[in-house]
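Asker: Sending over a structure as structure tokens; questions will come in a sec.
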Amino acid sequence: MAKIYTDKDVSLDVIKEKRVAVLGYGSQGRAWALNLRDSGIKVSVGLEREGNSWKQAENDGFKPLRTEEAVRNSDIIIFLLPDMIQRTVYLERVKPYLKEGMDLVFAHGFNIHYRLIEPPSNVDVYMIAPKAPGPIVREYFAKGGGVPALVATYQDHSGKALQKALAVAKAIGATRAGVIETTFKEETETDLFGEQVDLVGGVMQLMRYAFQTLVEAGYQPEVAYFETINEMKLIVDLVYEKGFSGMLTAVSDTAKYGGMTVGKMVIDESVKERMKKALDNIRSGKFAEKWVEEYGKGANTIKEGMKEVDNSTEEKVGRSLRDIILRGKPKS
């Protein structure tokens, strides 16, 4: 079983006197910087240019610095930038200023695991991967809670990399919930797999095919949207709160019987075999290699895919129904 760390297992002392630079001020960057500061950690925000993120950081009470200046004046460098720009920022803005004893910290293992970034041997390299988007990381922390996270060490020059990883996790609120120790390899491969086969790829494609099947059979698109796409949230919320057994207990016997019999017909063993192929591509590095190449050519697959989704019947129907769906939502 995995080792789970909570507040009582972790001390902030190991990073209390360290200077931390958060590179990036997007969803995760803002949440981490605010939470770290509220935990008493000395934080600076490093940004590439004076844009919207710069203004947001100033509005939040920070004095943003250019990336290289933030790096030069810090002991712990936290990469909270998009995966595909981290390597360039590292080579141009971070690597020239690295000194022995500094730390490189990541929220996802992609660049380290696939060796897009190869740190020198005299620095610590570790990861804290919150299991929620940045706004939730901040919201839960501000309300006295926290979201779970994974931690891992890749390079332990100081002998204290795990202690520091756990301390950073505590400072952003993760140990209030629970922190699981993993490896860069495990986090990267399982994260990519989940995104591809169900969370982003599989579930969206399943919902789209279900919607299209009903519409092609002559059912009203609006009704099809409610039954195959909109109600997914209700089911996922039940699974999130109560697990599969709790969800099944909550739905009707008719839904249980239909789901248990037809579900296995639609999602059969052949799907699992294709999932294994997707995992093989992740583990071998083929997916990463293909994605890096695609990004370098302008990421046209994403642009074309987004255009196709935006112009699809299901998306157009969803946009038209959003006012109805949200109108009845109680005011918080």
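Numbers run from 1 along the shown chain.
In case you wondered, yes, glycine gets a Cβ from its N, Cα and C as well.
Remember, predicted model here, so these are calculated numbers, not experimental data.
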Asker: Out of GLY109, GLY134, GLY144, which one does Swiss-Prot list together with TYR25, GLY26, SER27, GLN28, SER53, ASP83, MET84, ILE85, GLN86 for NADP(+)?
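Answerer: Record source Swiss-Prot; matching candidate: GLY134.
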Asker: State the count of C-beta atoms found within 10 angstroms of the C-beta of GLU227 (Mg(2+) 2 binding site), not counting that atom itself.
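Answerer: Other Cβ atoms found within 10 Å: 14.
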Asker: Which has the fewest other Cβ atoms within 10 Å: SER53, SER252, the binding-site residues listed?
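Answerer: Checked SER53, SER252; of these binding-site residues, fewest Cβ neighbours within 10 Å: SER252.
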Asker: Given HIS108 (active site) and ASP191 (Mg(2+) 2 binding site), what distance in Å do their CA atoms have, once rounded to a whole number?
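Answerer: Per the Cα atoms, HIS108 (active site) and ASP191 (Mg(2+) 2 binding site) stand 9 Å apart.
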Asker: What is the one among the binding-site residues SER27, GLN86 whose Cβ has the most other Cβ atoms less than or equal to 10 Å away?
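Answerer: Selected residue: GLN86.
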Asker: Between GLN86 (NADP(+) binding site) and ASP191 (Mg(2+) 2 binding site), what is the CA-CA distance rounded to a whole number of Å?
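Answerer: For GLN86 (NADP(+) binding site) versus ASP191 (Mg(2+) 2 binding site), the Cα atoms are 18 Å apart.
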Asker: For GLN86 (NADP(+) binding site), which DSSP three-state class applies?
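Answerer: In three-state terms, GLN86 (NADP(+) binding site) counts as helix.
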